[in-house]
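K.L.:
Take a look at this one; I'll ask things after.
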């Protein structure tokens with residue numbers, strides 16, 4: 001592990017991945033203040049306040065437009081990485097965050113709720129792009145024995161982003177009414193740092209050699225990242241992949257879906273990426289406060305309890321990051337989904353029995369923490385890493401478009417459907433997510449091979 005490799009991994013994780021986690025959680029704490037701003041602005045414009053239904057609709061749009069922007073960003077990944085390269089896309093995407101931060105930061109001064117919504121949408125586009133490009137870039141620059149470790153670092157920073165939003169949202173910090181525009185626009189700091197420093201690091205060597213046929217640039221990039229002039233073996237491995245793809249152009253999403261030679265790889269990306277969101281983790285985050293209230297935790301203490309769950313996320317992410325090269329991808333992924341399935345079943349039982357057995361409320365709290373820990377240990381980051389590992393260079397951008405689009409679509413679907421599922425099924429709604437987790441774990445066990453310490457060509461041959 002060289003200093004340039006570690007530095008660029010931390011930089012893109014801090015400047016891109018962490019912003020995704022931060023923007024997921026940042027609107028929870030200031031919800032009341034944002035709604036009050038919308039109502040006040042509407043009164044100033046039209047002489048009357050917003051109806052409750054319209055106010056809820058406007059706020060829901062503010063929250064969900066992030067996912068819609070993410071879907072747009074994920075669809076642009078293939079075109080962008082082919083034209084600008086991996087490093088180039090990440091540098092340019094930082095400008096989107098600066099633009100979004102300006103919209104959200106000055107929205108109250110200019111009396112414009114529309115600027116908050118537009119800013120959220122732009123941050124969604126940035127997250128949609130970076131959620132695919134960061135693991136793609138790291139997967140291509142990392143040696144095969146470090147791909148797992150470096151590939152999971154972004155997932156730790158996603159957890160850190162959620163944790164940062166929870167901490168900064170406390171009443172003692174930026175949780176007050178006068179600070180919410182600043183709270184939303186803090187994202188410009190990591191993005192500015194990435195914009196300033198990322199040009200100091202080379203482009204992906206695989207992109208330079210296989211797609212640009214730049215042997216000199218590839219050699220310089222490899223020497224910089226690996227810290228040694230002896231890079232001929234790595235270049236030969238890349239040339240072998242280049243020769244096998246010499247008659248194959250970069251495939252489109254449509255071509256990927258109809259290419260029978262990568263049928264199982266594509267299906268695996270679909271299953272693990274959709275399963276990551278359909279596991280119910282977003283529903284757990286949505287329902288956490290209610291479970292904590294039922295456990296008898298005072299309402300004033302719930303924000304601090306939520307910060308505790310954020311700490312669990314970070315610790316579980318670190319455990320996954322430092323054990324993935326020893327245990328492998330499959331064991332962590334299977335274990336993570338199984339732990340989630342068991343804990344989701346535990347939440348259902350605790351909700352059903354807490355009226356007769358009050359102590360079951362505390363079982364529910366433990367199961368919520370267990371679900372979050374199981375998710376962060378494996379399913380939070382490994383699907384993005386595996387998307388890079390299961391495909392060769394010609395298919396990889398299209399695979400990220402498929403995985404990223406599914407991720408955002410399922411994210412939006414869960415956020416939209418869960419309240420209705422909860423109303424119709426009650427506590428049993430968590431059994432649906434439990435079933436999804438166990439089925440995905442079974443699929444990984446039966447179909448997906450271990451990719452630890454294997455080259456991309458070796459992985460391709462295993463599937464063949």
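A Cβ is built for glycine as well, from the same backbone N, Cα and C atoms used for every other residue.
Keep in mind that TrEMBL annotations are predicted by a computer and have not been checked by a curator.
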K.L.:
Given 57-81, 207-231, 232-256, which one carries TrEMBL's transmembrane segment label?
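P.N.:
Here TrEMBL associates transmembrane segment with the stretch 57-81.
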K.L.:
Taking the transmembrane segment (332-353) as the reference, which of 57-81, 149-168, 359-386, 398-418 gives the largest number of Cβ pairs under 8 angstroms?
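P.N.:
Against the transmembrane segment (332-353), the leading stretch is 359-386.
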K.L.:
Given the model, what does the mean pLDDT over the domain 'Major facilitator superfamily (MFS) profile' (9-452) come out as?
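P.N.:
That region's mean pLDDT is 84.
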